[in-house]
Structures are given as C-alpha cells and as structure tokens.
Amino acid sequence: MESRVLSRATTIAHVRTPLRESKGNASSSFMSIKPIGGVSEGGNLIWGRQLRPSLLLEASYPVTARKEILRPVMSAASSPAEGSDSSGDEKVAPVGFFDKYPALVTGFFFFMWYFLNVIFNILNKKIYNYFPYPYFVSVIHLFVGVVYCLVSWAVGLPKRAPVDSNLLKLLIPVAVCHALGHVTSNVSFAAVAVSFTHTIKALEPFFNAAASQFILGQQIPLTLWLSLAPVVLGVSMASLTELSFNWVGFISAMISNISFTYRSLYSKKAMTDMDSTNIYAYISIIALIVCIPPAIIIEGPQLLKHGFSDGIAKVGLTKFISDLFWVGMFYHLYNQLATNTLERVAPLTHAVGNVLKRVFVIGFSIVIFGNKISTQTGIGTAIAIAGVATYSYIKAKMEEEKRKGKAA
C-alpha cells in the first residue's frame, strides 16, 4: 500500500516539475512540500487533501491514464475480493452446503450421536461377555480418547488451548467426578443388562434436582418435582422384576448417577471461555490419570494371571485388540458428538434428544442381546423414560424463559 502511494507521488512530482520551472520560484516551492511520505509519516495523498492529486493529474494525463494510476490506491482503500473488477463492487461469496441446509446438518449430528452411542453400548457389552474387567476397559476408553485428542492437537484440529494452574484447579474436580461416574457405569454394564443400567441411569435428573435444592440452595419448582415422580416409580418397578438384577450393578449405576450430578455442579463453577473440545480433552487426560491406579490395584493381578490370556483365547489377539480400540474410539466420538450437537441446538431440543437416545439404546440392546424382560420391567422402563422426557421438557422450557427474561 505504502509503496504504491510513494510510486504515484514520485510520478506526480516528475510530471509537474517542468510546469513549475517555467514560473520561476514556484518549482522550489513545490518540491519543498513534504506530505508525500508514507501514511505513517503523515502523507495525505491517499485522501487527496494537501496535494489534490486529482487536479494535478487532470492537467497532464487523459482520463484513462488518470484512472489507471489511481486504481491501485482505490483498490486498496475499498478492499474488494481478489479478482473483482475496478468498480469496487464486492462479489457475494457462494453459500456452502452447511449454511444452505442447516437442518440436514443438525439431523446428521443427531444421527451420528445416536449411532455411535448404540454401537458403543453394544460393543462394550460384547467385550464384557468375554473379558469382564470394567476398570481396565474404562481405562482403555479414556486412553484411546486421549490419544485421539493428542493427535488432533498435533495436526492443529483443533488448536490446543493453553491451560494454567488456575484452570486446572477448576477442571480437576470435574474430571475426578467424570472418572468415577465412568468407571461405575462400566461396572454396572458388566454386571447387569445394558437396558437395566440405562433404566437406573434415568434417575440422574432426580439427583440433579436434589443437589440443586439441598446443596446449591436453588429453589426447584413443584412442577419439576412432580415430573420426577414417574421416574422414581418406573425405575422401582423395573428393578423389582429385572431378571438380570444384582446389587453390584444396581449400586454402581446409582453411584454413577451421584458422580455425574457432582460433575454437573463442579462444571458450573468451572465456567471458562475455552471451547468445549479442548475442555473435554483436558478432562479426559485428568480422568485417565485418576482411573489408572484403581485399575492396577483391583484388576491388575487377575489380568496378569489369567485375564488377558483368557480373553485372547476366546476371540483371538487381533479381535481382542481391535475391539478395545474401537470401543474406546466410539466412546470418545459419541461424547464429542453430544457436545457438538448441544452447540447447534437449543437446550430443549438437546434434552428431548438425550431422552430419545436412551430409548434407542435400551431398545437396540434388548434386540441385539435378546434380553428377556418381564412385562412389569417393560412398563416400568417406559414410565421412567416418559418421566425423564417430561422433566427435561419442563426444565429446558424454564431455562429458555429465564434467558429471554434476562435478555429483555
């Protein structure tokens, strides 16, 4: 830009010198003027004020030449898109597929979220059928996800966000609760049917409401408490007649609910401007570090003695390794897709989608594994899911109204 202005200024000076010399001292008067510096030096050529370049050019150059000389400056000032004509008219950028069909893209996000979640739950349960070591498998879930995050950072997709000690202090409680909830969920998956674990985990909204009321001191409306009554009733009905029921699976799922409730509470305190992808990556790294010691202590001796050998003998080394890799990949990707979907839709839509996801998982797990359920268990599960849907709808609606009130 500066070089263009200077080159035009030099041209003007050379053109006008002969004319000024014919008038005596006017030449020296003209050449002593200094505003022809760069823009940073105070030159005003680009604004056409002190030197009035348009007047100077009219005397010596035809119209076409004048336009040709001023074109670079005009182009720089108007900043049209590269390749545009000299008139400075901006070209409208073509609309991409994502911008043209946002509903299809959002639908694709939902589909992939459901698909990956169902595949994860099915593959996870198949692994436990021949390799019943949930602490070790939980470590593999997180380990594969952490490797995925490190590779993504290495190629700059996304760019790694810096983290300091203050942010780590906020993320550590979240990651610890995430680790505990993840491990206990897997202990439940290994002990009972997938459908039963997800039915118990439908109680998570009840624990969230209780924590908000009695720990945070937030007043929960009566309508929300009433919507949770069917959830408690449905889970109770399903538990009483569940054919795969055992206390390890039931208690582990309940601990998972409590852990994820506290994770939600700590997450509210750890609000940060960092993007969700980077936050989830750091949480996964910390959670992996938390999960490794109990896995070594609780399952380490059994794994070294006969766990690995038994699992490999049943399915072969290649399938054993590939199953662990893919279950970890599906776990990380479905969690990431859930976060990305939340960023694209309103909380109400996401809440309803989360309930439907649980219905899909329960339904597919029953079909794939051929789990026999009693009529009472089926009715109880349906009542619990309906209660969760009602609760999620009312809560999301209240949050939207609260947000609109603040905006107004």
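Glycine is no exception: its Cβ is also placed from the backbone N, Cα and C atoms.
Residues annotated as domain 'Sugar phosphate transporter' in TrEMBL: 105-392.
Annotated transmembrane segment per TrEMBL: 101-123 (among others), in sequence order. Counting residues 6+ beyond its ends, the transmembrane segment (101-123) has Cβ neighbours under 8 Å at 189, 194, 198, 323, 326-327, 330-331, 333-334, 337-338, 340-341, 344-345, 353, 356-357, 360-361, 364-365, 368-369 in the same chain.
Among residues of the same chain six or more beyond the transmembrane segment (135-155), those with a C-beta under 8 A of the stretch's C-beta atoms are 124, 127-128, 179, 182-183, 186-187, 190, 281, 284-285, 287-288, 291-292, 294-295, 298-299, 303, 307, 324-325, 327-329, 331-332, 335. Per TrEMBL, transmembrane segment is recorded for 135-155 (among others).
Here TrEMBL flags 170-196 (among others) as transmembrane segment. Residues 121-122, 124-125, 128, 132-135, 137-138, 141-142, 163, 238-239, 242-246, 248-250, 252-253, 255-257, 259-260, 262-263, 266-267, 269-270, 272, 279, 282-288, 290-291, 294, 361-362, 365-366, 369, 371, 373, 377, 381 of the same chain lie 6 or more positions beyond the ends of the transmembrane segment (170-196) yet place their CB under 8 Å from a CB of it.
Taken from TrEMBL, the feature transmembrane segment covers 222-241 (among others). Sequence-distant contacts of the transmembrane segment (222-241) (same chain, at least 6 residues past either end, Cβ-Cβ under 8 Å): 196, 199-200, 202-203, 205-206, 209, 250, 374, 376-377, 379-388, 390-391, 394-395, 398.
What TrEMBL lists as transmembrane segment is 247-266 (among others).
Panel annotation: around the transmembrane segment (278-297), residues 135-136, 138-139, 142-143, 145-146, 149, 152-153, 158, 160-161, 163, 168, 171-172, 174-176, 178-180, 182-183, 272, 332, 335-336, 339 of the same chain, lying at least six beyond its termini, place a Cβ under 8 Å from a Cβ of the stretch. TrEMBL lists 278-297 (among others) with the feature transmembrane segment.
Long-range contacts of the transmembrane segment (317-334) within the same chain, counting only residues at least 6 positions beyond its ends with a Cβ under 8 Å from a Cβ of the stretch, are 113, 116-117, 119-120, 123-124, 126-127, 131, 137, 140-145, 148-149, 284, 311. Annotated transmembrane segment per TrEMBL: 317-334 (among others), in sequence order.
The transmembrane segment annotation in TrEMBL covers 355-371 (among others). Long-range contacts of the transmembrane segment (355-371) within its own chain (CB-CB distance under 8 A, at least 6 residues past either end) are made by residues 113-114, 117-118, 121-122, 125, 193-195, 198-199, 201-202, 243-244, 381, 385, 388-389, 392.
Look at TrEMBL and you will find 377-394 (among others) tagged as transmembrane segment.
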